[in-house]
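**Student:** Pasting a structure below so you can have a look.
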Amino acid sequence: MIGIIGAMEEEVTILKRKLNDMNEINIAHVKFYVGKLNHKEVVLTQSGIGKVNASISTTLLIEKFNPEVVINTGSAGALDQTLSIGDILVSNHVLYHDANATAFGYEYGQIPQMPKTYTTDPTLLKKTMHVLEQQQLNGKVGMIVSGDSFIGSSEQRQKIKQQFPEAMAVEMEATAIAQTCYQFKVPFIVTRAVSDLANGKADISFEEFLDKAALSSSETVSLLVESL
């Protein structure tokens, strides 16, 4: 079983339409769609936006369906200036940009008693990049950071880049999903597509290009599932 998580309806609709023999299960106001994608058994869920929603949905997914791997799909705001709308992002590790327990000796972005970063499963990363290369898609590997704020101003963007110069993108769920997978010892990967440039026009760009980003990310996930 392969678990797939997207936060918003737009981020899961394309994959949902591709499911064969689909069965819908509702648990604690979270919808799970069980079926086959490219002849592989999958469970797809729309987690809702933000870290708590993402963690709840991931916990339910793992406890109820026991997936072998978890894939997080969706959109993200670009922090790397070389990225363009629709580009594919693949995590090598993820962390929180809004966690601060430095007063107790932890690094910025680190939750107390937890790792600073959560590392993508190397086998999943290798397979994802192989899929992108085969399809000649523009994919980039790097750090993705998460927090409970939509980054819609240049000031917010700059603050994150000051703390995490290597961060290539920002969104609101991936690290919570990764932390949950870490605690349950389930391999994970994050593959998202750029919907906005995390600047003063991010809100307009996000609304305009969300569907494009969702399509790019969904196609990547579909191809990855086929390769697993």
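Glycine is treated like the rest: Cβ placed from N, Cα and C.
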**Student:** Swiss-Prot has GLY77, MET172, GLU173 binding substrate. Which one of ILE56, ILE151, ILE189 is in the same site?
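**Tutor:** For substrate, Swiss-Prot names GLY77, MET172, GLU173; of ILE56, ILE151, ILE189, the listed one is ILE151.
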**Student:** Around GLU11 (active site, proton acceptor), which residues of its chain at least 6 apart sit with Cβ under 8 Å of its Cβ?
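**Tutor:** Correct list: GLN46, THR73, GLY74, SER75, ALA214, SER217, SER218.
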**Student:** Would you count the other C-beta atoms found within 10 angstroms of the C-beta of ASP196 (active site, proton donor) for me?
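**Tutor:** For ASP196 (active site, proton donor), the 10 Å Cβ neighbour count is 25.
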**Student:** For GLU11 (active site, proton acceptor), which DSSP three-state class applies?
**Tutor:** helix
